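Participant: Below is one structure. I have some questions about it.
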Amino acid sequence: MAVLLLAEVTGGELQLDATAKAMTAAAKLGEVTVLCAGASAAAAGEAAATLAGASKVLVAEDASLGHRLAEDTAQLIASLAESYDHILAPATTDAKNILPRVAALLDVMVISDVSAVIDADTFERPVYAGNAVQTVKSGDAKKVATIRTTGFEAAGTQAACAVETVAVPGATGLSDWVEDRLAASDRPDLTSAKIVVSGGRGLGSEESFAIIGALADKLGAAVGASRAAVDSGYAPNDWQVGQTGKVVAPELYIACGISGAIQHLAGMKDSKVIVAINKDEEAPIFQIADYGLVADLFEAVPALTEKL
Amino acid sequence: MKILVPVKRVIDYNVKVRVKADGSGVDLANVKMSMNPFDEIAVEEAIRLKEKGVATEVVVVSIGVKQAQETLRTALAMGADRAILVEAADDVHTDIEPLAVAKILAKIVGEEQPQLVIAGKQAIDNDMNATGQMLSALLGWSQATFASELSVEGDAATVTREVDGGLQTIKVRLPAIVTVDLRLNEPRYASLPNIMKAKKKPLDVKTAADLGVDVAPRLTVVKTAEPAARAAGEMVGSVDELVAKLKEKGLV
């Protein structure tokens, strides 16, 4: 089986963690060709060539691919599709924008958020906000799927494989990029951080989130938030962990003032170790926590920061 | 400008999902069903564009079982002008896949000629996050997914999108498909007089066969299972005890 893996490339740089995890899923299916697309993607291509499991890297460079707008990127992938049985990508917002479009161009169903690969046609994926796991078998000739990266370990490294350049179809001109407003932060990326410290509605205000930040900075951790905290305006949306936000699976997840709504649990329950700090001993978060502490977070979190 | 809004009837957001013991799916018999929450946001946005004088008509469409009429009536009560139901299944447990839904919507777009389709970014049942993108591909239109801000000027729309790491703003040429994220707006509740009025608004019924679309699934559901449960943990009595446990495990 021949697999085309769309690498996550942002601003010309390979996003190693997401791509390496999707590679592990791709390598289960066959020989993997990695596609790096962007206004500049050569450096990303060189990096992808050393990812264990890559047999070839394709570099597609064109101004129209600069911000990975769906129309042009999907058109590129569809133009390459003939040679592959599977077309995969890590389930980032970019890939979720692009791959369903690719699938429709190929007249196949997309398989979103794959959490396990059973065989070449059969995949597991969460449905109903993670309240159920479905095993689906595709009857389509080509399989187009996004990979939920938390379900897979990152692939290692290898001696670099061959890198080739591919032709880019002309721009569709359907959409234009205007601007990116990316949150600048010295903290690690939420989806790849080893430790995540999250705050919930229990924080009570945007200002109070500083104690979450202080603990995170002490641990070199990323900061997350529950949807309740985001909806209340205490935290920006890109911090949101949950079914409608980001799905994370760090080594350690510290939930502070989070009750544990189903939609939040769906985004973090695959974390290796979960710590919950909440003053309500009945909070559902304690049912899935490895270590629970019933305490006022305004006392416990600063104390934890000091003692670690 | 006409706006088309697809809406889906799904299990209510607040209902606890129960997986059927035989692994054949999720139990939807006698369960409260509502409009997909993301679709409510899409309906609200379309109505606001009409209230601003940008749109002239808001048409809502639902694809599925005949009970989806209730979902359409909800959208009409919120303020949509007209509804179309495309019957494509008899059993409430039958989920029509995004590819088939997109093909049906493409036919409806052909009949209705809207300039803008506003859809929810995903349905909270199958969580596919695909219909808008697929419809856009089939029509060869521009697409803007995960919108948290939308403005329409002339023959283009400016859309701010929720992406990993922050926000991206793009300009899409009309006609376009926009799929909406949570922060775009807060949907209104329908008032009682509007619920009464909605009963008199037009609702056309068609079938997938009328439109010549094959809705046979491409993905066979082999089984549906409960997610793996986590083993119960332990409660600690103090911050010091917690720190000791974390150090013992080598986590900090």
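Cβ coordinates come from backbone N, Cα and C, glycine included.
Positions annotated as domain 'Electron transfer flavoprotein alpha/beta-subunit N-terminal' by TrEMBL: A:3-181. Here TrEMBL flags A:R201, A:226-227, A:240-244, A:257-264, A:N278 as FAD binding site.
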Participant: DSSP secondary structure for A:Q243 (FAD binding site), reduced to helix/strand/coil, please.
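Facilitator: In the DSSP reduction, A:Q243 (FAD binding site) maps to coil.
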Participant: If you count the other Cβ atoms within 10 Å of each Cβ, which of the binding-site residues A:R201, A:H264 comes out on top?
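Facilitator: Output for this query is A:H264.
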Participant: Would you mind listing, in sequence order, the residues at least six apart from A:Q243 (FAD binding site) in the same chain with a Cβ closer than 8 Å to its Cβ?
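Facilitator: Same-chain residues close to A:Q243 (FAD binding site) (Cβ under 8 Å, separated by 6 or more) are A:A129, A:G130, A:I262, A:Q263, A:A266, A:G267.
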Participant: Among the binding-site residues A:I258, A:A261, which residue has the fewest other Cβ atoms within 10 Å of its own Cβ?
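Facilitator: Relative to the other binding-site residues in A:I258, A:A261, A:A261 has the fewest Cβ atoms within 10 Å.
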Participant: Once the DSSP letters are reduced so that anything not helix or strand counts as coil, what is A:I258 (FAD binding site)?
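Facilitator: Note: A:I258 (FAD binding site) is coil by DSSP, not helix or strand.
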Participant: List, in sequence order, the same-chain residues at least six positions removed whose CB sits under 8 Å from that of A:Q240 (FAD binding site)?
Facilitator: A:G224, A:A225, A:S226, A:R227, A:V230, A:K246, A:G267
Participant: So what's the average pLDDT for the domain 'Electron transfer flavoprotein alpha/beta-subunit N-terminal' (A:3-181)?
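Facilitator: Taking every residue in the domain 'Electron transfer flavoprotein alpha/beta-subunit N-terminal' (A:3-181) and averaging pLDDT yields 96.
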Participant: Can you tell me whether DSSP puts A:R201 (FAD binding site) in helix, strand or coil?
Facilitator: helix
